[in-house]
Amino acid sequence: MSTATAQKRGFGAAIWDYLTTVDHKKIAHLYLVSGGLFFLIGGLEALLIRIQLIKPSNDFVSAGFYNELLTMHGTTMIFLAAMPLIFALLNAVVPLQIGARDVAFPFLNSLGFWLFLFGGIILNCGWFLGGAPDAGWTAYAPLSAVSPGHGVDFYVLGLQISGAGTLIGGINFLVTIINMRAPGMTYMRMPLFTWTAFVTSSLILFAFPALTVGLFLLMFDRLFGSGFFNASMGGNSVIWEHLFWIFGHPEVYILILPAFGVFSDVLSTFSKKRLFGYTAMVFATTLIGFLGFMVWAHHMFTTGLGPAANSIFAIATMAIAVPTGIKIFNWLFTLWGGSITINSAMLWALAFIPTFTIGGTTGVMLAAAAADYQYHDTYFVVAHFHYVIVGGVVFGLFCGIHYWWPKMFGKILNETLGKITFWTFFLGFHLTFFIQHFLGLMGMPRRYWTYLPNQELDTGNLISTIGAFLMAIGTIVFIINVIYTSVKGHKVSGDPWDGRTLEWSIPSPPPHYNFKQTPLVRGLDPLWIEKMEGRKGITPAEPLDDIHMPNPSILPFIMSLGLFIAGFGFIYQVDNLAFLWVVILGMGITLGAMFVRSIKDDLGHHIHKEDLEEGADQ
Amino acid sequence: MKGWMAKFRALLLFGSLTLVLSGCGKENLSALTPKGYGAKSALDLINISLAVMIFVFIVVMVIYAIVLVRFRKKKGQEDFIPQQTEGNKALEVIWTVIPIILLVIIAIPTITITFDLADESAAGDSINVSVTGNQFWWHFNYEGEEIQTSQDLYIPTGEKVYLNMKTSDVLHSFWVPALSGKMDLHPENENTMFIQADEEGVYDGKCAEFCGTSHSLMDFKVIAVSPEEYEQWVEDMKNVDPEAQPESADAQEGQQLFQENSCIGCHAIGSSPAATGPNLTNFGDRTTLAGVAEHDRDTLIEWIQNPESIKPGNRMSDANYEVSEEEAGKIADYLLQLQPSDITPESATSNE
């Protein structure tokens, strides 16, 4: 059921199709579009920030509005752009890579998406309802607890709801990867992207509850008069820092690991070589996952935890450089001796290596606690985390999107436009952020609305702003590319890149049941093995038979809508208790939908053997 | 330890030199031109880790360059299938062990310096100052001296001054890049750090923890003077007569207005520890108004009449008072003549 057939059925039907879909491939489209939209909003906020900082003592935006911009830029980019775009790739690719027909819980998959989307909308509602959140994306208490207006309430409720969506998504992929692998797909034969998806999902499972707890405490402080973070009531502001970073640091790895997976697959495919040191790569990934939970306090070196705690967390943080270094060298040696094709997807992967090495090395520098006393909360940190998050995650997303675009939509993105996107964005990125390392050490703290003249910070900030515009141009060219390709692009085969993994063994875009017959996996890079042995496709593991598929459902949308409504009730009951009725209404909708889901049997449907044999569904 | 570090510093002179040429930032602000103990230690550590990391980066880039030059797909070899290498034990051991050694090289000085900078054993015999962070200004209470200042922290050169820090509202972070790294201020626990200036000077300080609307305007100064000058300053500050009558008639009227409009309710003059607003005892000696604006009569009048225009979100904007421009001028006259000591920021810069 491709988009073409959907269009024939009319626009309304297509909308309904997407509102009710439980197909992982369509949910990937939903994540891609909404994540992309939030990426543009976050980017626009970044541009306004850079325009404000283009010269000293500028007043392009007011101080208060600037704080809303910086808060929403960070929150949007992490929670509403990077996370859903990662989930877009996970949804589009992971079930295909393990030879599954869908995820383990298709209904939950849809629920996860709609929760994320409604949470994201709540967050952004602040712009129109008297002020967006303005306490920084880290929302440190007590500032976040005392920030006037409803801004931070939107942050709390929005993230709580979208966080629940992410948690559901994470659990779903964990179960999918554990249970739904095709026969022969042992753990050590999984493509590295699937491995990173697996580790990322387990990180989500353990990290997000810490955020949930923190947000609940903050919600009670703000909306119901408790004092968890209020020192005068016996509360403690440091607790928030701990809770936030116990979530926040693994979050960095939640984002970067799938990007590592993308690069591993892309570098291997386009150098026509098996991934060098596959076993080491898998262990490095899991090790990074484990260590990721033991380093959160390096965000708190200046909190005053004392030299012993600082030293321990410094060493633990440095330790992460070892598995990360292993990865870098394994990537380099995957390329070594290969036959390297450089196209748009590969450009992003190749650019990632030096960029991320810079981000990683400044990470080690930041781990040196006593030196961090200087770096902390300055533009040095801003430069560092943009090197890892843009240079790692965003490069990874661009790379993955160019690589899997033909699998998702059946067309290859235009190469010329792809290269223009790459070069403008890449140069703009380094122009924007490299200089910021020095700005930080020269005395510019982060989250500064303005800086005074005569502090020798002018040139650096000007260069940085110019770079930001180049990145914007690159992004615009990418959007043009997407439109151009969907109008003019040519249909491609199921395997345009001479791929190595299972997703390339089926048509592009795949039929909604993915695999007519579940494939039999005979080693790492299963498709490559079959090709080397002269076969055309994957050997099936089962005879052609009826396929059981889940039914679409509108219930996930309704459940999320209910929480969305209840969220507003919670926020405004502070002003007027009558809004408690809105809470009751919203919760009623959600619980009602859950009730319907519980009592109504939904056994799914079968695609019959005869229909499959006709192969009509392309 | 200092010995080999000095050698190391010499080794990195070249690198530092390039940095100097490309600009190290403003003197007395930049962490790259350290003038104090903490900042020097931090820069040593930065240089050590930077050197190791540049080495790592070069190694990666060399392999990277070779790969990109040698292993591109060649014309006429489109069907070439490279050997499918699984891995290489020896190589993998090398790139596991060498990074560990490199990290140890960074870790040892990290731990040494981290403990060194947290050393509070000398706090009892040193000058102790209680620092209070407020939205958006700093208060300094010299413990045991009955001296209060706001915005300007006077310290003697060549010795450690211990800062016992707490916030009255939201989190702040005390940062004087040229003297030392930063430390956060919390409402529930006191954090202690020391600063030591090796040279006289007026050092720029900044708030480094996001604290609200005017976070970027929460600048302050650390004024490092010679120990003798500091002694004299302490003496002068202790003997301040808060009720001293100004010389000019305008300033006298200003003093009257200052009391009538209950400015004094928030702004103490003298050593009263009450500090709802900045203490103004030595206001006339300050170099900036509110940390960021010109320190002159006109700006001060503007500040008194409309503080919001200079520092959005500051608490004086909500204060309940009404003064005409003329009255504000007289108050300004009064405040600007509050110069109880001959030791001023100028003393820190003049005798270089």
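Just so it is clear, glycine is given a Cβ too, placed from its N, Cα and C backbone atoms.
Taken from TrEMBL, the feature domain 'Cytochrome oxidase subunit II transmembrane region profile' covers B:23-121. Per DSSP, the secondary structure of the domain 'Cytochrome oxidase subunit II transmembrane region profile' (B:23-121) breaks down as 63 helix, 2 strand, 34 coil.
Sequence annotations record features per position, and here TrEMBL assigns domain 'Cytochrome oxidase subunit II copper A binding' to B:124-236.
With DSSP classes pooled into helix, strand and coil, the tally for the domain 'Cytochrome c' (B:249-339) is 46 helix, 4 strand, 41 coil. Residues annotated as domain 'Cytochrome c' in TrEMBL: B:249-339.
Marked as transmembrane segment by TrEMBL: B:49-69 (among others).
Sequence annotations record features per position, and here TrEMBL assigns transmembrane segment to B:90-111 (among others).
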Overall pLDDT for the domain 'Cytochrome oxidase subunit II copper A binding' (B:124-236), taken as the rounded mean: 96
For the domain 'Cytochrome oxidase subunit II copper A binding' (B:124-236), the number of residues DSSP places in helix, strand and coil: 15 helix, 60 strand, 38 coil
